[in-house]
Structures are given as C-alpha cells and as structure tokens.
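Student: What TrEMBL shows for this protein is this:
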- B:78-276: domain 'ABC transmembrane type-1' (DOMAIN)
- B:12-34: transmembrane segment (TRANSMEM)
- B:74-106: transmembrane segment (TRANSMEM)
- B:113-136: transmembrane segment (TRANSMEM)
- B:156-177: transmembrane segment (TRANSMEM)
- B:198-221: transmembrane segment (TRANSMEM)
- B:258-276: transmembrane segment (TRANSMEM)
Amino acid sequence: MNLTKHLAGVMIASTCLCVPALAQTKLTLWYHGAGNEVESRTLNQIISDFNTSQSDWTVSIESFPEKSYNDSVAAAALAGNLPDILDVDGPIMPNWAWAGYLQPLPIDESEFADFLPGTKGVWNGKLYSVGLWDAAVALFARQSTLDELGLRTPTVDKPWSSEEFMAALDAAKASGKYEFALDLGMNDQAEWYSYAFSPFLQSFGGDIVDRSTYRTAEGALNGEAAQAFGKWWQSLFTGGYAPGTSEDPADQQTGFIDGKFAFQWNGNWRAVATMAAVDDVVFLPAPDFGAGNKIGAGSWQFGISAKSKHPEGAAAFIKFAAQDKYLAAFSDGIGLIPPTPSAAQMTKNYKDGGPLAMFFDLSKAQALVRPVTPGYVVQAKVFTKALADIANGADVADTLDAAVDEIDADIESNGGYGHR
Amino acid sequence: MAFDPDNYGLRLFVRYLVLCLIALIFIFPLVFMINSSFKPDNQLLADTSSLRAFLPVGDISLDNYFGAFRRAPVALFVLNSVLVTGATVLLSLLICSLAAFSFAFLRWKGRDVVLSIVIATLIIPFETIAIPLLLLVSKLPWIGLEGLQWGWLNTYRVQIIPWIADGLTIFLFVQYFKGLPGELIEAGRVEGASWWQVYYRIVMPLSGPVLATAAILKFLVMYNQYLWPLIVVQQENYRPIMVGLGYFFQLNVAWGEVMAYLTLITVPVLIFYLFLQRAFIASIASTGVKG
C-alpha cells in the first residue's frame, strides 16, 4: 500500500514538474543571413532573450545563404515544409502572400505606427511582415570634389535638379581627374537594378507598372516620362559618364575610394566602410528629375508562414524582436537604418548629428517601395534586362515596349495576380 | 632565319610553346584563387588589374582561412560532401554495374527496350524532374532507428539514393561489358559458375578502367551538387560544400574568404586527381568517354 502511494506520489510530482517543459511550444524560424556573423549574433541574442523571457514558446533558428534563400523557401513550400516564422525580402512579400506562403500578422498595424514606411509589408490592406531595419541609397561624393568643381551641396529639402546633376557630371568629366564621373554599380544585375534605378524612372514620372491597377505596365514603363528616362539613362553610357554592364565588380567596392569615380550611387551598407577610407565623404540625396526625388525602400522583414499552427507565438516573437534596443543593436552591428526615430537615437550612426543620420531622413522623405504586387518578381527581372539592354545601346522605345509586353503577358497569364 | 617546316626541333618547340600557353590559360584561375586566398580584400581587389593577382606578394597571411572557418562550418560541409559523394559513388558502382551486367549478359524479355529507355534518360536534364522528385521524396517513408518516418527531407539519404543509378553510368558499363571476351563468360558458365559468380569473379576483376571512369564522373557530379541539396536540405547539419559557398556572399562580399573557402574545397580534389591521373587518362582512353 505504502509502495503504491509512493509510486503515485512520484508520478504526480513528476507530471507536475514536466508541465512547464510540455507547455513550451517549439517555433521554427528561417533566416536569410547564414554567414553574416554580426547579424546572426544579434538575432541569436534576440532569440535567446525571447526564449528566457516567457514560458510559452521557444524559437529555434535555421539560417540559409541569402543568395539561395528564396529558392529554398519556394521548394519547402512545395514540399509542405515551411517553418513558423519566415524572413522575407520586402518587395517579394506580396508574391509570397499571394502564393500562400504567408498569412497576415495577427498584430494591429498601429503597434508599428512609428516604423519607417519601407519596413512595413502591407499587401491587400493587410500587414504581412515587419522589418527590423531599412536600407537607403545615396550619391556618395567627397566634399573636396564638390568644392573643387564649384558644386552646390544638395540637401533633402533642396536636391539637385536634373540640370544640376548633369552639370555636376559634366564638370567631373571635364576635370579629367576621374576614369568616370559616376559609378552606378552596373555589374550587379540582380535586385540592385530595380531597387537602385527604378527610383530614377519614378522621378521622371514613370514606373515599372501602373500602380493604380497593377494590371498593366502600359503607359508607366513606355509612356512619355519613361521614354525620357530611357534616353537619359542611355546617355549616361554613350556620353561616357558611367561604366557599363561590363564594369569590374571590384570597382563597386573600391573604385570610389580609389578615386576612379567622382560620384557613386550606392547603398548605406557601404557607408561605414567608405567613411573609414574617405575622410570627407558626403552622402547626397537623389536628384529630382521632375516628379520629386525618390529612392528605394524595403529590406528583409519577418512574417508568419501560412502553415504555422502557432501564429500567436510567432507574432509574440516578432513583437518582441521589434523593441527599440534590438533595432538599435542591428543598426550598430550592420550599419543599416533603424526603423523608428527612438531606436535611431540609441544608435551611434543614426542619432541626431550622427554620421549617417541623413540616411534616416532620406528614407523618411524620399523612400518609395517597389511595386507592391505579386508580379514584382517577374517585373523586376524584365526591368533589369531592359535597363541593361538600353545601357548597351538598344533602341529605347522598342526595348521599353517589349518590356511592357512581357510584363503584361505575365500579369495576364497569372490572372492579374489577384488585382481587380 | 627563315622558318623551315621540316625542322623537327623547331616544330616540337612551337608545339610545346602553344601547349604551354594553353596550360597557362587553364591554370591561371587556380593560381589566382590560391594566391588571392592569402591577401586582404583591398589588396586582392587592387591586384586584379595587374599581374600581381597571380603572385603571392604583398600582405600575405592566413587570416582569410581563419575568417572562413569563423563564418561557416567548413569542416562540416566538407564532411557532408565527402560522405554523400563517397556513399553515392560506391553504391552507384555496385548497382549500375549489376544492371549493366544484366543488360549485357542475361537474356530476358524486353531487355533491349528497357536498355533503350535507360539510355534515353540521358537526354532529360535534371532540372526538369527536380520538382516532381522533390514532391516524391518529401512523402516517401523510411524505417530507421526511430521507427517509421515519412519524408526524406533534411537527411543524407535524400542526397544519396536518387543519384545512385543513372543512364550514363549504366551505359558505360554495358558498353565495356560487351567488349569483354565472350569466351571467358561461357567458360565460367560451363564450369558451373552462377551468374553472380561470373559477375564478381570474372567480369568485375576485368573492369578496372570502367570502374575508374564511372567513379570519377560520379564523383565530379556529386561533389559539385548544388540545386538538389538546395531544395531538399533546410538544415545546416546536412548542407554540402557548394551550398555552403553562399555563406560568403553578403552585401559586402568577403572575397579573400571566398577564395580561401574555394581553395579548401578544391585543393583536396586536385591532389586526389593528381594521384589518380594516370588511371583516369587510361580509363578515359579505353572507354572512349569524352568530357
């Protein structure tokens, strides 16, 4: 009898002791940053803090190389093997939502009210993803170059006009001091073209696709404004202002620092390294070609997989990760823009008076997200090819018309991607 | 001095000069890779515009190698690739040679049709069957130490089993087996040997060249696997070297570490090849395979 009582007591006690462990539900998170030591360290710290901060959920991370991450996710979606929390590149998000990889976040958008617009992934009126940083592009220059060439220093409020920008390139070219006046990073024909160059098109008044309906590119990519953009774009290469598509990849990393270029169109992820090598580097806002000065926006964000059985746990993690202290830690670690003004004040680079503070202002004032449509994945590739062809001398009107046809055919073959 | 076409020495000199130039063109990328793996990024990029790119000069150190090991679990990736490649090569030699033995020596109904179908698979690119194969392996059962499991994703077996048998290897063995003296096989059978004994006591001991060729070709395919492991492996523990290369391509590419990683995964293969060079060339010549 006593033995039975003892056994029963042990069983009850062990069952009670097991309750907290059983209550912890495991969530999986896939991340694109395998090999990025700083990013991984920060994210692992967030996960560790989250796991110890509560007893309901435990997050485990699986990191993937960035270059192959999207393919891995697409394959896993096919095989029904998606995790709970997915890392997604901002412009790709609508495609993944449309394809059924993601579900809307069960978090009120007002919780991210002070986040930069580019860090919020909204599609079809629903919030699908939130980013812990944003990126921005600027015109890298030396103050000494501006002074020598007698150029006005443009500001966010008063950027260079089209004429001022071309006059600056002419002056740099005429000085004979540079191999090229401007480096655009033309060798990188991946997402860079649509991210970095479509804002030029938008500043001319065109776009990759007609955003009012997202059902056609007609008029947006081959209208009058787009034709003007195309001719200007081609003139950069025929006029000898910028190296073309066969540019040495090494030049995008060291060409400006080595003094081969007077100006460089580059992202803020190169800003810290450039500041270390160039004492008087200045980051200038995009020129205004007539329809306002624009730059791209939208970087990697966290969303919840459509297959997740625990969206509330995944949402709890995303909210936890979006605390200012973590946003600031990411920014200090990898040099990208913190999404909130309060987090910016906690960073060394983006606080008021910080060396990169202007990027935060740029993101706020000039940023325009890439077309928010599932078709963007194809449209970006078509746009990239068209710009490369035009840079290589193809007829502007014919190339843009062909690009429009290709984009429209893709939209049609996908039933309009859900846009009505 | 006029060029004399009958001058044997001169012709030999010109021939070797041309061959040396061609050899240099092929060896330059390797020399560049190995030398660059010892240089810091800024020097590596600056040297690309001069012959210094091919010389171990400047700020030379092993920093890139330490950096590569810090950035990625290099040893794990190499181990995974060696394990998957080794297992696939061994199983492939066994299974494909057995299949070829059946096609070459056994008489069975439909043999020629089946062989034609097997050979026809040579023209199907892997990319066209990758997705259906992915769907298949993601639902296959497996009985292991943990009992019955469904789905092969994130395992070694998913990287090995689909690659064991292939049309090219079977075709190589069939062609080679058909060239063996029929009298040997007949003599074995007359002496009372079973087909299995004919296979491993007579045919396989005579198949050194084709075994070497098949092993090397399969090794190259498996060691360079990228697309298949990319879509069937989502866990770092099972990732092979080629997928691991992606760890080094961040927004700011660490080129020195890329070169160090490439050297680490290439040099062992080169050494392996140098040891087997003679056998490889002999086997290629005897089987008539062209790369």
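A Cβ is built for glycine as well, from the same backbone N, Cα and C atoms used for every other residue.
Automatic prediction, not curation, is the source of TrEMBL annotations.
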Student: Under a Cβ pair cut-off of under 8 Å, which of the recorded stretches B:12-34, B:74-106, B:198-221, B:258-276 contacts the transmembrane segment (B:156-177) most often?
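Tutor: Checked against B:12-34, B:74-106, B:198-221, B:258-276; highest Cβ contact count belongs to B:74-106.
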Student: For the transmembrane segment (B:258-276), find every same-chain residue at least 6 residues outside the stretch whose CB is under 8 Å from a CB in it, and list them.
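Tutor: The answer is 30, 33-34, 36-37, 44, 64-65, 67-68, 72, 74, 77-78, 81, 212, 216, 223, 241, 244-245, 248-249.
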Student: Of the listed stretches (B:12-34, B:74-106, B:113-136), which one yields the highest count of Cβ-Cβ distances below 8 Å with the transmembrane segment (B:198-221)?
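Tutor: The listed stretch sharing the most Cβ pairs with the transmembrane segment (B:198-221) is B:74-106.
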